[in-house]
Structure formats: structure tokens, C-alpha cells
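Summarising the annotation, Swiss-Prot assigns transmembrane segment to 50-70 and lists sequence analysis as the type of evidence. According to Swiss-Prot, the feature topological domain 'Virion surface' maps to 71-602. Among the features that Swiss-Prot reports, N-linked glycosylation site is placed at N72, N159, N306, N378, N417, N481, N529. Per Swiss-Prot, the feature region 'Stalk' maps to 96-163. For 177-602, the entry in Swiss-Prot reads region 'Head', with the evidence type experimental evidence.
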Amino acid sequence: MPAENKKVRFENTTSDKGKIPSKVIKSYYGTMDIKKINEGLLDSKILSAFNTVIALLGSIVIIVMNIMIIQNYTRSTDNQAVIKDALQGIQQQIKGLADKIGTEIGPKVSLIDTSSTITIPANIGLLGSKISQSTASINENVNEKCKFTLPPLKIHECNISCPNPLPFREYRPQTEGVSNLVGLPNNICLQKTSNQILKPKLISYTLPVVGQSGTCITDPLLAMDEGYFAYSHLERIGSCSRGVSKQRIIGVGEVLDRGDEVPSLFMTNVWTPPNPNTVYHCSAVYNNEFYYVLCAVSTVGDPILNSTYWSGSLMMTRLAVKPKSNGGGYNQHQLALRSIEKGRYDKVMPYGPSGIKQGDTLYFPAVGFLVRTEFKYNDSNCPITKCQYSKPENCRLSMGIRPNSHYILRSGLLKYNLSDGENPKVVFIEISDQRLSIGSPSKIYDSLGQPVFYQASFSWDTMIKFGDVLTVNPLVVNWRNNTVISRPGQSQCPRFNTCPEICWEGVYNDAFLIDRINWISAGVFLDSNQTAENPVFTVFKDNEILYRAQLASEDTNAQKTITNCFLLKNKIWCISLVEIYDTGDNVIRPKLFAVKIPEQCT
């Protein structure tokens, strides 16, 4: 796709540029950082990083001096053996220096970057929020007791000299009143209405980035469970699809009510992988105050696009949502994967934002790479009876990213048992053949007492694909027959297409079930026929859209959307992450919207 094209072609790769809309929604969203800021510890780490830099500079000076000595020596002698030994010594010094840069400088520079861009802004924002809440409470008391009205305190307009803010050391966020959707149905509007009853609220949040113009924030992940969340993104400079990978953020935290009865997020623990350009397609599952994050590791680029050359390596990281001071391996821990049981598949990897736990077992959404010649499918099962131009072989040929690709892709789950002890492994479980389409990003989550599975529509079956999980192993889904939600598309697979064709295009826009009796769900979808634009928060049934709210202007480009719904003080709320092009600098960045599901239809 041409970089200069302002419309986003609806393809499976992130486009380089979006258009600058006429209407810009201002916000800064991302991740608040570590709630415990130990100022002395922070200073000591920064000092340690500074000392390391000085030591490395000294090493460089010594190496340069050695080279100068050798140059002088070569002018006065022909002893090539001595010169060779000296050069080998310098090579060893350079290798040691490079190793030290990778193992010592990189992480400490990342520490400084994280501290300056996440920790300090997060706690200043939190302190300001607490001050605003306190002053509002004081005003209410004075107004009630004294029978006159105090003007609101405008913190940023006070003509006083304010001291530098101290770290908010004593704050301990607690997840109160936040829970999963369980039990009996909640009271929500069940009727179709054109009234603007949805009131999306942009969550004001500080992005954990350097913030320079042109930084593209892509490949976002947002998982939520039991009042805790995991978040991840990749930063690129120069281009959203081919730019230089600067850093990947993987963090966890709590869903909070900051005093205004609107859910927000407070990040408590952040990890930045040392090699961000090798980490792809992370997925997170919560269990007992930890998030387990499973990622693909690749040195040849995206494993989906470079599957033939990808080694199949995976990485598991455990992050504590309530980290301890000096917690070390408790707070952030790399888990060894002794084996990967792939069955008949060549390679497998996580593919989708989040999964579920059942007892001691974690299930991550995944995709398997199967050699095309080993894929057995009866073409007579291809649903073409109502399609005039579709061919029986189209179902089979559309299972790869190209008709002649070496691998076909199948969705499924990766199972990880926490009780495996010293021999941890992941096991791939493939999805059943019913309503089969190419493997794509998916999500499995618990809602109202039963797991629900969503799979992105990346091929000819463009209608939303989700339903109750009947069995996990093997993975069998009772797919809903939805007729109102579809994704934009071009070529052979346009919006609302249901005839088997050979294509590979689509986007991840999941839905969260909020009422099981009436099968009502909520999510953000792109209300456009051909281009990825116009994100709209929508509450819908299988055959009817009940009510909706636009999150940006109609021509605002957007892509991936992730929605998680939960109870906050017995009210249904949803938080939606939206990849969106409306920041004013021609790059895509995610935003968070909080939406309360209304009880009344008026």
C-alpha cells in the first residue's frame, strides 16, 4: 500500500500513515507506572547507570590507545605474529564491550527512560487527581454548612510558588467494587433506540513513551480479569509498519475508580524486553495476582509473514500485579519452557490479546502453522450452495496468507499447566472444523459463567465470529449466527460477504458478551464499507443493533479494537482500546474509552 495514501487500505498489515482528521480528540492514554517510587533507590540506579557509562567510556579509550600503539609498532617491526595476537586481544575487548553494552547499558538506559516518562508523570497525575477530589469535598462541606458557594479551586491558575511534588509514596491502590460479569443478568437497556444513551469517556492517561513526534504506537494488547489488567505496545520511529523498533512495554496493574465513579487504570509493574524488535504477538492470562505473558520471539520479522524462516521460539514472562519492594524475581520472572507440544503442526504461537485460566491451567489464544500438503479438507464441505461464483476449493485455498503459501493457519489454544513444576511446557489445541476459516487473532474470556471465544474475520467469512465454548480440549465453539456486525473489506471479500473466496484481509474488532439470556454484546467496530475508519461503540444482538456511539469523526482511520466489560459498583462498564489516527502527527496510537452500559433506554 502506498505510504502517501491517506485512506487506510483494509489489510492485515499496519499501514504507514493515516489521515489527519478535521476533528481531533485530544487525549494522552497509556499506562500509569509503578506505584512505589523509592526516590533513593531510583537515584542509586541512575547513579549506577552513570558510573557504568563512565566505565565503558574508559574501556573505549583503552582500546583506542591499544590500536594507536599497534599502529606505531607496525611502523617499526615486521613481527606479524605479535601484531596478530594484539589484534585478537583487541577483538576480545570489543566483544566484551559490546556484551556489556547489551547487558548493562541497555537495561539501565531503559530504567532512566521509564522513570522519566512513566513514573514521575503518573504520580504527578495521581497527586493532582487526589487534590481535586479533596478540594471538591471541602467545597461541598463549606457550601452546606456556611450557606454560600465557594468558587472552584483552579490549581493551574494559582499565583503562588509551588514546591516540586514529592513521590506519592503512601498510595496503595486497591481494587474495590470491580469484578467480572457473573451471576444473574444486570439491569440494562434491552431495546433498540436512537437516543444518545451511551456516553463514552476518554480515559486521560499518560502514554509510557518518549513522546516525540512521529513515534508510532502499534501492536497493542489489553487484557482484564478480576479487576486487574495487562497492557503492551510496541513503539516504532519513522513508520508504523517498517520503522525502527524503539521499545516494547509490557505492564500490569489495577482497574480503579479514582473518585469520579469512572473506571481507570493504574499500572503497578512494567517490564521492557531488552530486544524489542524480536518480541511479537503477546498474549496475557491472569492468575492469583500474577499475569502470565506469552510471546513469540523472532529475529526474522513477524512470524505470520515470515513463517518459513521463523524458528518457532516462544517466551513466557510472569509479572506481579502487586509488586514488592526489592521483590526481584517475584515481581518480574522469565519462565523456562522445556517443551512445546505441537502435534501435527510445525510451529505454534500465541495470537490474540488474552486468554483464561481453569484451575491450574492457563489457555492462551493461538495459531498453528500446518504444512499445506498435510491439511486434509473435503471440498464438498465448503458452503457454496448459495454462492453463484464461488468454487468448492476456495475454502481450502483460503487457509493460508497466499494460495500457494507453504503453511496454512489454524486457530486454537496454547495450554500451560502451572503445576508442571520443573518441566513446564505448552501444548497446542486446534479448533474444530466447523465454520473453518484461516487462523487469525482470537480471544477467549469468561463472561456470565461460561467461556466465550472470538476469532477475527481475516478471510471470506466477514461476519463477526464468536460464541460459547462448548469444550476447551478439543476446542469446540457454538458460533452465533450474527447478521449485523461485519468488518470493512475490499477485493473479493467486501463487508458482509459470506461466500467462500480466496483473500486475506481483515482486522481485530472483538466483542464482549454482557447479557447471556438475550445474547447482547458490546464492542467497537469500524462502520465503513471499504476502509478502516469510523470507530463506533456498539451494543447489539445477533440480528439487531440496539444503540451506539461514535468515538471519532466518520473519516477517522482506526484499526484494532479490544473491549473488556466488567462490574464497577454493580454497574456494567466496558473499557475499549482503539488503535486510532487522530493525534495530529500522522501516526497511529491507541486510546482508551470507558463506556457505561445504561440501565434506561431514555
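Glycine residues also receive a Cβ, built from the backbone N, Cα and C atoms like all the rest.
The average pLDDT computed for the topological domain 'Virion surface' (71-602) is 84.
Note: the CA-CA distance between N378 (N-linked glycosylation site) and N306 (N-linked glycosylation site) rounds to 28 Å. On the backbone, the CA of N306 (N-linked glycosylation site) and the CA of N417 (N-linked glycosylation site) stand 29 Å apart. With a cut-off of 8 Å between CB atoms and residues at least 6 apart in sequence, the same chain places D542 near N481 (N-linked glycosylation site), listed in sequence order. Cβ neighbour count for N306 (N-linked glycosylation site) (all protein chains, 10 Å cutoff from its Cβ): 12. Cβ environment of N417 (N-linked glycosylation site): D360, T361, L362, P424, K425 lie under 8 Å away, each six or more residues apart in the same chain.
Long-range Cβ proximity for N529 (N-linked glycosylation site), meaning a same-chain Cβ under 8 A and a gap of 6 or more residues, is found for P488, P494, R495. Around the Cβ of N378 (N-linked glycosylation site), 10 further Cβ atoms fall within 10 Å across all displayed protein chains. In the three-state DSSP assignment, the secondary structure recorded for N417 (N-linked glycosylation site) is strand.
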